[in-house]
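Asks: Sharing the record's features from TrEMBL:
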BINDING   G8, A9, A10, G11, G12, I13, G14, D34, N72, I95, S96, N97, M206  NAD(+) binding site
DOMAIN    50-123  domain 'Lactate/malate dehydrogenase N-terminal'
BINDING   R59, R65, N97, R131  substrate binding site
DOMAIN    126-300  domain 'Lactate/malate dehydrogenase C-terminal'
ACT_SITE  H156  active site, proton acceptor
Amino acid sequence: MVKVVICGAAGGIGQPLSLLLKQSDYITHLALYDVVNAPGVAADLSHINTVVIPAGVPRKPGMTRDDLFKINAGIIRDLSEGIVKNCPGAFILVISNPVNSTVPIVAEVLKRHGAFDPRRVFGISTLDVVRSSRFVYELDNSIDPRSTRVTVIGGHSGVTIVPVLSQIPGQKFTKEQLDLLTHRIQYGGDEVVKAKDGAGSATLSMAYAGARFTSAILEATVAGKTGLVESTYVNLHADEESTAAFRAKTQLEYFAQDVEFGREGVSKIRPLPELSAYEQTLLDAAIPELKVNITKGTAFITDASKI
């Protein structure tokens, strides 16, 4: 019995995500929830293997991910309370923005109940990887977007998104091209928000990325497949040994990096890839922003005045 619940299934991401996951051979029971059908959710949350959370308010023109915090933080807190009371052992996959802050919110709620396992909570930053593969192809058609997976480190908003383009085999991007690519990957969501002219944000592409990530988690945790790797935003204590030096150097508790999956979720957080001088500059700019985002999410739960 493999049960997956989507919290926010009636939304712009939730609907296509549900459609994609309905096709998965690994899922026995796909449960779809949203605020319009709240009664009975708690009872049916029991025995869930994986919870995917796209719930929340999408960005509108002029809004930043940070603007979403005031609304989405409370939604994520309440959903986390329901999860920890009814299925504390579930794998929790967070799509709701701002991911840099909402993942720490989930973690702090779980900690309050003594149910936090850093190997089982993920911020889905896969869309940054998907965009990277697509955008590099548009600049260089010799790079196959289907087989080329670009490692993206840092976080999941603006300057915290650091695509490691230097590791793409055979890439010969100029400084001008790198500037263009990096900015487009970091702010690709703005393109969609603007194009939809107030009608929503990135929903179809995010649903695709979310389904891809969820499938990888299920393949590892349910089917026992090994060697599955995705870039994802996680608590670095999920692999204490591998991240000790990085945590000591940066004082970061959360970071997006290539993660290898296993039966318990995070099996190994891979070392940072070799960065070019250009990418090191991007990472240096990302770290202080990440610290602010993480502190904001953590304080929403730990500071009683925020609740």
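A Cβ is built for glycine as well, from the same backbone N, Cα and C atoms used for every other residue.
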Asks: Please identify which of R59, R131, H156 has the densest Cβ environment, defined as other Cβ atoms within 10 Å, among these recorded positions.
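Replies: Answer by Cβ density within 10 Å: H156.
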Asks: For a quick check of understanding: given the listed NAD(+)-binding residues G8, A9, A10, G11, G12, I13, G14, D34, N72, I95, S96, N97, M206, what is the maximum Cα-Cα distance in angstrom, as an integer?
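Replies: Largest pairwise Cα separation, rounded: 18 Å.
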Asks: Tally the residues of the domain 'Lactate/malate dehydrogenase N-terminal' (50-123) by DSSP class, grouping H, G and I as helix, E and B as strand, and everything else as coil.
Replies: 39 helix, 11 strand, 24 coil
Asks: Anything within 10 Å of N72 (NAD(+) binding site)? Look among the recorded positions R59, N97, R131, H156, comparing CA atoms, and list what you find.
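Replies: The recorded positions passing the 10 Å Cα test are N97.
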Asks: Same-chain residues six or more away whose CB lies under 8 A from the CB of G14 (NAD(+) binding site)?
Replies: I6, G8, L32, D34, P54, A55, A207
Asks: Give the number of CB atoms, excluding that of S96 (NAD(+) binding site) itself, located within 10 Å of its CB.
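Replies: S96 (NAD(+) binding site) is surrounded by 29 other Cβ atoms within 10 Å.
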Asks: Return the residue, from the listed binding-site residues N72, N97, with the maximum count of other C-beta atoms within 10 angstroms of its C-beta.
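Replies: When each Cβ's neighbours within 10 Å are tallied, N97 leads.
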